There are 2 protein chains.
Amino acid sequence: MKIGIMGFGVVGGGVGELIATNAESIKRRSGEEITVGKILDLRDFPDSQYKCFTKDFQDILNDPEIGVVAEVMGGTKPAYEFTKQLLEAGKSVVTSNKELVAKHGTELLKIAKDNNVNYLFEASVGGGIPIIRPLYTSLAANELTDIYGILNGTTNYILTQMIKEGETFENALKGAQENGYAEKDPTADIEGHDTCRKTAILASLAFGKFVDSDEIPCEGITKVTLEDVEYAAKFGAVIKLLGITSRAENGVYAMVCPAILDSSHPLAGIDDVFNGIMVRGEGLGDVMFYGRGAGALPTASAVLSDIIDTVKHKDKHIRLGWSEGQEGYLLDAKTLPSRFYVRLSKTEAAPETFAKKGYDVITLDGEKYKDEFAVVTPEMTGYEFDKLVSVDGELGGYNVLGKIRLVAE
Amino acid sequence: MKIGIMGFGVVGGGVGELIATNAESIKRRSGEEITVGKILDLRDFPDSQYKCFTKDFQDILNDPEIGVVAEVMGGTKPAYEFTKQLLEAGKSVVTSNKELVAKHGTELLKIAKDNNVNYLFEASVGGGIPIIRPLYTSLAANELTDIYGILNGTTNYILTQMIKEGETFENALKGAQENGYAEKDPTADIEGHDTCRKTAILASLAFGKFVDSDEIPCEGITKVTLEDVEYAAKFGAVIKLLGITSRAENGVYAMVCPAILDSSHPLAGIDDVFNGIMVRGEGLGDVMFYGRGAGALPTASAVLSDIIDTVKHKDKHIRLGWSEGQEGYLLDAKTLPSRFYVRLSKTEAAPETFAKKGYDVITLDGEKYKDEFAVVTPEMTGYEFDKLVSVDGELGGYNVLGKIRLVAE
């Protein structure tokens with residue numbers, strides 16, 4: 001079986017490397033020898049071990065020997081058009097392209113089904129962590145109720161630097177860029193967009209209907225301060241950026257936001273660039289997946305696992321259980337109850353008055369903290385909380401310096 | 001598709017319950033309605049929602065409507081004979097029976113292949129944690145190098161009680177029995193046999209050749225004392241019962257033993273009846289799976305995931321990559337280097353002399369500990385360590401009160 005690779009960047013190069021070095025175990029697992037037939041990239045790679053480069057997509061599309069194509073070019077243009085044409089031509093496509101899957105997954109899966117081929121995307125969430133396939137295989141017998149986790153290594157690295165090293169957000173981001181953990185333009189990571197796409201993919205797959213990432217409320221970590229981290233620590237907690245989705249009777253909830261997690265929570269100890277994904281099902285209880293969520297070889301190994309799976313399922317469409325979306329299926333996350341952390345400047349407000357009202361009060365020692373404190377509200381909906389911190393609300397009279405949702409176990 | 005259930009105990013009852021309650025999502029996932037055709041059990045269940053009980057195995061074997069059978073009776077007799085006959089009759093079998101898989105997996109997989117049906121056993125390791133299937137699917141593209149983890153909930157509960165509550169082994173075991181976490185005869189758990197079978201299954205599957213659980217060096221937790229737990233704590237570590245297997249050039253290593261793990265190790269925080277399994281692959285890095293390793297519904301959900309998979313793979317044998325064993329394939333684990341913890345009574349020996357020789361020395365305060373101390377040796381093989389604590393060895397002159405292997409990250 002020959003495969004095509006579209007995009008010979010970090011992940012594409014990793015796929016090529018793994019196919020070359022793991023040939024024997026791949027054959028043992030798939031039952032066939034897998035070789036690289038053609039590689040599409042506009043750049044030249046004179047030093048590569050591969051000599052089958054092309055700059056013309058048609059060369060892959062029209063090569064009858066190529067049965068599976070790894071789309072690892074990223075973005076939606078031209079990946080969307082290419083993928084569509086390949087599937088329509090009866091070739092399976094496997095991808096690490098979370099943007100494309102989150103946006104056009106429903107349509108591409110339908111085209112794959114209609115042409116009796118496969119569109120698989122294990123590498124789109126969690127790098128080398130096997131999370132996508134378990135959702136449609138091992139965990140398929142469960143009525144899953146919740147999936148939430150740390151889905152982005154860059155932001156987790158930044159938060160870990162703030163928590164463990166006392167770095168400011170700005171310095172931690174700079175360090176992440178210097179270490180190659182963050183891109184020059186880190187927007188997609190730090191604003192939560194990457195986590196949001198992954199959350200949409202997990203929700204669509206786990207609960208069966210497409211969830212549009214554009215409709216998921218999404219907040220990144222740019223407003224998280226070192227002060228917030230220290231209040232959280234005093235409260236016995238850490239701040240993590242979470243993608244959260246849960247099933248309800250009439251639809252699903254989903255959101256992306258920084259969250260305060262008790263230190264004893266299994267996700268609280270997941271540091272640096274690692275990812276951790278918690279899956280909860282009726283009967284199943286909690287299952288957690290943990291590992292390096294990015295990187296060339298982990299991601300490439302996930303792509304390759306999909307290639308092997310398509311080779312094993314020649315002429316057979318693998319049912320993922322991801323069907324079309326539905327108006328009103330994504331429910332309003334602001335109706336969910338939660339406790340909230342709020343950092344307040346100490347104007348007239350006395351911490352004691354809050355303690356009396358059932359708030360937890362957190363104070364920190366030192367000159368820096370003499371004019372402020374933090375509270376943790378009782379449980380309330382997002383709407384109730386908005387009202388609380390609005391101009392005429394209970395906290396509206398004070399200067400709100402920061403606010404973060406608490407996520408309980 | 002009708003299924004048979006053999007054994008209507010805790011897991012079998014759970015399978016029946018899940019099929020009844022999750023009918024819709026099972027149909028969505030598998031593409032077919034799945035119902036229970038016959039249940040084999042010698043007992044009567046007059047109150048069950050099911051009315052299809054039989055006491056005669058032939059009723060299942062000869063029922064042409066039954067295409068898949070869940071063998072959840074445990075033990076090897078008569079499960080082995082039954083499974084063989086079912087596979088030979090062209091029925092797929094899925095199981096939670098780790099004893100049978102560890103002992104006869106190679107033969108049963110071959111019979112399944114010859115008859116173009118499947119023998120699957122996701123539920124045999126880790127309860128509801130998806131670990132078996134990822135090894136032959138998502139992680140199949142990797143050259144895996146190490147698998148190790150906490151594979152037995154009972155012993156982990158006991159050790160957690162010792163570590164967190166300061167219970168003695170005996171009291172913790174009694175508590176586990178009272179809570180239903182340990183059986184009346186806890187031998188298989190506390191002597192490590194259960195962990196050993198699971199380790200053999202993981203090794204056979206991950207590295208491709210059968211490893212016999214009877215040949216794996218196996219030590220349980222019966223010799224672990226509260227004192228060991230306290231020395232470990234002072235050393236910044238915890239004691240966990242681990243199943244360990246790793247690949248080498250000429251074969252594989254495997255062992256089951258209590259191990260001292262640094263508190264920062266991802267497995268160190270896995271407490272109570274939870275399991276955690278760490279998988280390491282070249283390129284992949286470390287991936288960890290965590291969840292409730294036992295219990296009726298988690299285990300039943302794993303059985304059911306295999307049922308769904310066999311329904312999706314009708315007339316198609318799923319290649320697991322587990323082939324026959326080979327003389328000398330299981331290597332001698334005593335040749336592996338490690339550091340070792342040794343607890344010594346303070347006869348003539350002065351802790352200082354050990355510190356000078358490159359040992360770490362651990363002392364504890366209090367009357368109870370005035371006549372003893374512990375050391376952690378430099379790295380050495382199991383043979384070198386045996387020699388060290390033998391009559392004429394360096395530690396042989398002292399009274400060795402306990403010894404435990406250290407497992408580094």
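Indices start at 1 and increase along the chain as displayed.
Backbone N, Cα and C atoms are what each Cβ position is placed from, and that goes for glycine too.
Here the structure is a predicted model, which means the values were calculated and not measured.
The active site, proton donor annotation in TrEMBL covers A:Lys198. Marked as NADP(+) binding site by TrEMBL: A:Met6, A:Gly7, A:Phe8, A:Gly9, A:Val10, A:Val11, A:Gly12, A:Gly13. Per TrEMBL, the feature NADPH binding site maps to A:Lys98. The L-homoserine binding site annotation in TrEMBL covers A:Glu183. Taken from TrEMBL, the feature domain 'Aspartate/homoserine dehydrogenase NAD-binding' applies to A:7-122. Residues or ranges marked as domain 'Homoserine dehydrogenase catalytic' by TrEMBL: A:130-308.
Along the domain 'Aspartate/homoserine dehydrogenase NAD-binding' (A:7-122), the predicted structure has mean pLDDT 95. Contacts of the residue listed as 'L-homoserine binding site' defined by a Cβ separation under 8 A and a same-chain sequence distance of 6+ are given as A:Thr154, A:Gln177, A:Asp189, in order along the sequence. For A:Val10 (NADP(+) binding site), the same-chain residues 6+ apart in sequence whose C-beta sits under 8 angstroms from its C-beta are A:Ala296, A:Thr299. Each of A:Ile5, A:Gly14, A:Val15, A:Asp41, A:Val72, A:Met73 belongs to the same chain as A:Met6, A:Gly7, A:Phe8, A:Gly9, A:Val10, A:Val11, A:Gly12, A:Gly13, is absent from that list, and has a C-beta within 8 angstroms of the C-beta centroid marking the NADP(+) site. Least packed by the Cβ count within 10 Å, out of the binding-site residues A:Gly7, A:Gly9, A:Gly12, A:Gly13, is A:Gly9. Here the domain 'Aspartate/homoserine dehydrogenase NAD-binding' (A:7-122) has, by DSSP, the following mix of helix, strand and coil residues: 53 helix, 20 strand, 43 coil.
With respect to Cβ neighbours within 10 Å, the recorded positions A:Lys98, A:Lys198 differ, and A:Lys98 shows the lowest count. Per-site Cβ counts within 10 Å over the binding-site residues A:Met6, A:Val11 peak at A:Val11.
The residue listed as 'L-homoserine binding site' falls within neither a helix nor a strand when secondary structure is assigned with DSSP, and so counts as coil.
Long-range Cβ contacts of A:Phe8 (NADP(+) binding site) within its own chain (separation 6+, distance under 8 Å): A:Gly16, A:Ile39, A:Leu40, A:Asp41, A:Arg43, A:Phe45, A:Ser48, A:Phe53. With respect to their backbone Cα atoms, A:Val11 (NADP(+) binding site) and A:Lys98 (NADPH binding site) stand 13 Å from each other. Here the CA atom of A:Lys98 (NADPH binding site) lies 15 Å from the CA atom of A:Met6 (NADP(+) binding site).
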